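Chemist: Quick one: the structure is below, and I'll ask about it shortly.
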Amino acid sequence: MDLKYSASHCNLSSDMKLRRFHQHRGKGREEEYDASSLSLNNLSKLILPPLGVASYNQNHIRSSGWIISPMDSRYRCWEFYMVLLVAYSAWVYPFEVAFLNSSPKRNLCIADNIVDLFFAVDIVLTFFVAYIDERTQLLVREPKQIAVRYLSTWFLMDVASTIPFDAIGYLITGTSTLNITCNLLGLLRFWRLRRVKHLFTRLEKDIRYSYFWIRCFRLLSVTLFLVHCAGCSYYLIADRYPHQGKTWTDAIPNFTETSLSIRYIAAIYWSITTMTTVGYGDLHASNTIEMVFITVYMLFNLGLTAYLIGNMTNLVVEGTRRTMEFRNSIEAASNFVNRNRLPPRLKDQILAYMCLRFKAESLNQQHLIDQLPKSIYKSICQHLFLPSVEKVYLFKGVSREILLLLVSKMKAEYIPPREDVIMQNEAPDDVYIIVSGEVEIIDSEMERESVLGTLRCGDIFGEVGALCCRPQSYTFQTKSLSQLLRLKTSFLIETMQIKQQDNATMLKNFLQHHKKLSNLDIGDLKAQQNGENTDVVPPNIASNLIAVVTTGNAALLDELLKAKLSPDITDSKGKTPLHVAASRGYEDCVLVLLKHGCNIHIRDVNGNSALWEAIISKHYEIFRILYHFAAISDPHIAGDLLCEAAKQNNVEVMKALLKQGLNVDTEDHHGVTALQVAMAEDQMDMVNLLATNGADVVCVNTHNEFTPLEKLRVVEEEEEEERGRVSIYRGHPLERRERSCNEAGKLILLPPSLDDLKKIAGEKFGFDGSETMVTNEDGAEIDSIEVIRDNDKLYFVVNKII
């Protein structure tokens, strides 16, 4: 992602599909809302990408080339038409065999052949229809894979059910009356009924249709089909029975001479009364075959009744429990929308979200994952999410251990189009990583909204608010169906603190990334106020404020300082951001730091101020700026700089200072001039340089009653008299008492700073003073020289983090 901002407007780089601000009011946003992206027609055809899959084509609804998408509206119309032909075949074939004496009328024969022709076309068409792999849930469009799958599954049965056995029998025998073999082979046409089952299954999950009426129609269809088949079979037995006068049809006078419709109605009447266990007895079995058939039929009815009354209840409640809950939630949501008169945009968003959640439950299986051991759960998260997390700029170069900790706490979510994932100015509770889909960045100002750009696979958002502990700067809204990984901000911060090296790497990535966004306005940063001191800033950003100055990003530095981050924070060498900016020549950063009230007089562990860093680095413009501010608060600043240059015998720096207009006879805080220091140190080159530039050589020996060297010694003696004496010991006081340590301490004069005290202790005891902690006799840590009194006992603890 690459954002470029200017004072008047924002432009986005090409890799984010830049476009100018298009501003519109909130009401206009609803009016311009694209309903097609949330169309219920399209929602019923969505295929969710598997977890962790980024490169997934969401244009699967449309067919391309020779391959037909199973979700294509035209193909679904074809499927519905084929279901109507299946219903025709299922009704006509038993009727022809039973009532037309296996000699169908010419019109029905033509219709049957036309229907078979359509099914033959469908067989050919199936070789070009993509399918959803049951294992990966991906849409397979490869022609070879489609052909292999079809040939290895339903191809043979589809061909067998399409063969016109009656026409073949007529060609072989020369008669239209078919034998029992052809009749049995014709039963293969019932194989087509699976299409009806698939249609009902799909319609039950389509929220555009009433689930109740779809289920009722499905049960009614099953019942009527079985009644029709049983009636035709019962009539067929009577019609083919060799002994006329001994069949159930004899109960109706002149039954064989009545019309075809009367005979069919009588057969259906018997079938229904028998199925419903009414059994009036007017049409009863008259021979053994009929008795056997009725017995079998009654036994079958027992199972069918149990299916309709008992098992179907359990099947609907248990087998379709998720669907029922889904439909109930849809109905409740619709009632809620209507009752509260919500706009159509919100209604579609609610329904779209609920549909996607229903579909995503079968992919997430979170309830199953929660039951697994932690080790297996981590392995699953590693396999699903780690490749996506490794692409994120924030985690470049981070150790695998930290990445595994992060992915173990990530949750996958599917978000529908036009859904606000993060709202502007909301608390930074979560960070999101985009696995698939697109997310728009929207800046809301009053009632105006500006689309700044688009984030895609591998991008992260919400991290600025999380790491800077401030409200979110923008609204992040999905542009298309998106799979996101959600990570709690609190866990991200905790994980960053586990390993200091990884913490520094992530913050470095963060700062370098936003350096590319050179004028990035990250909003009015604010420190968290949860009952804590508001002056305390988050360590994960404050400790790396110097890194911002190192990049020279004055705009980001300004925004961070607005968040009340201290401009005087120091690194391990005591350098402040002003030291770094002055030494590197970043004038803009220097001006920003001065604007936020930084302390110009802070010195690092070597005693160097930012002014000294600027002059030795030859950044004279920065030196003049700093000197102007420093001279206002400290009239001796010029003398201090000249004396420091004289003490170090740095002729080049002395020349540079004099060129900047500093008075060569200016005294430092101790009333000593640079010439006096040079003479005391016996540095003749420096003395000659100062004398050449007009230093007052007369007052050098007439100043009071001392020579320059004597005066320095007198000053040092006076300072020593003012300082107290302290006893220093090595080790923690509690540990020394536990070990009954009798190691003697050392009595020293209290130096002016805590760093000097540590340095002296290191020289006395032979350790690195910068890596120690100073405590009193009770073990309380001392972090200021002002709290130390005369005759205090101080203890130095080595290798402790300060």
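FYI, residue positions are counted from 1 along the chain as it appears here.
From the backbone N, Cα and C atoms, a Cβ is placed for every residue, glycine too.
Just lifted these from Swiss-Prot, have a look:
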type: BINDING; residues: 394-513; note: nucleoside 3',5'-cyclic phosphate binding site
type: CARBOHYD; residues: Asn179; note: N-linked glycosylation site
type: CARBOHYD; residues: Asn254; note: N-linked glycosylation site
type: REPEAT; residues: 606-636; note: repeat 'ANK 3'
type: TRANSMEM; residues: 80-100; note: transmembrane segment
type: TRANSMEM; residues: 110-130; note: transmembrane segment
type: TRANSMEM; residues: 154-174; note: transmembrane segment
type: TRANSMEM; residues: 184-204; note: transmembrane segment
type: TRANSMEM; residues: 219-239; note: transmembrane segment
type: TRANSMEM; residues: 289-309; note: transmembrane segment
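On this model, are these features tucked inside or out on the surface, and what's nearby?
Modeler: DSSP gives Leu394 (nucleoside 3',5'-cyclic phosphate binding site) a helix state.
Of all Cβ atoms in the shown protein chains, 7 besides its own fall within 10 Å of the Cβ of Asn254 (N-linked glycosylation site).
In the predicted model, the repeat 'ANK 3' (606-636) has a mean pLDDT of 90.
Residues 60, 66-70, 75, 78, 82, 85, 88-89, 92, 96, 104, 139-141, 143, 146-147, 150, 155, 158-159, 161-164, 166-167, 192 of the same chain lie 6+ residues outside the transmembrane segment (110-130) yet bring a C-beta within less than 8 angstroms of a C-beta in it.
Beyond the transmembrane segment (289-309), the same-chain residues lying 6 or more positions past its ends with a Cβ under 8 Å from any Cβ of the stretch are 219, 223, 226, 230, 233-234, 237-238, 241, 247-248, 274-275, 277.
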Chemist: Here the binding-site residues are Leu394, Leu484; which one has the lowest number of other Cβ atoms no more than 10 Å from its Cβ?
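Modeler: Output over binding-site residues Leu394, Leu484: least Cβ neighbours within 10 Å is Leu394.
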Chemist: Using a Cβ distance cut-off of under 8 Å, indicate which of 80-100, 154-174, 184-204 has the most pairs with the transmembrane segment (219-239).
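Modeler: Comparing 80-100, 154-174, 184-204: 80-100 has the most Cβ pairs near the transmembrane segment (219-239).
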Chemist: Checking distant contacts: for the transmembrane segment (154-174), what same-chain residues at least six beyond its ends satisfy Cβ-Cβ under 8 A?
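Modeler: Distant contacts of the transmembrane segment (154-174): 104, 109, 112-113, 116, 119-120, 122-123, 126, 182, 185-186, 188-192.
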Chemist: For the repeat 'ANK 3' (606-636), give the DSSP counts of helix residues, strand residues and coil residues.
Modeler: 21 helix, 0 strand, 10 coil
Chemist: Which residues does Lys499 (nucleoside 3',5'-cyclic phosphate binding site) neighbour through Cβ under 8 Å, counting only same-chain ones at least six apart?
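Modeler: Those within reach of Lys499 (nucleoside 3',5'-cyclic phosphate binding site), by Cβ under 8 Å and sequence separation of 6 or more, are Ser399, Glu401, Ile402.
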Chemist: When you rank Leu394, Val439, Leu484 by Cα distance to Asn254 (N-linked glycosylation site), which of the binding-site residues ends up on top as the closest?
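Modeler: Sorting the binding-site residues by distance from Asn254 (N-linked glycosylation site), the top entry is Leu484.
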Chemist: Six or more residues beyond either end and a Cβ under 8 Å away: which residues meet both conditions relative to the repeat 'ANK 3' (606-636)?
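Modeler: For the repeat 'ANK 3' (606-636), the list is 573-574, 576, 578-579, 581-585, 587, 590-591, 594, 600, 644, 650, 653, 656-657, 660, 666-669.
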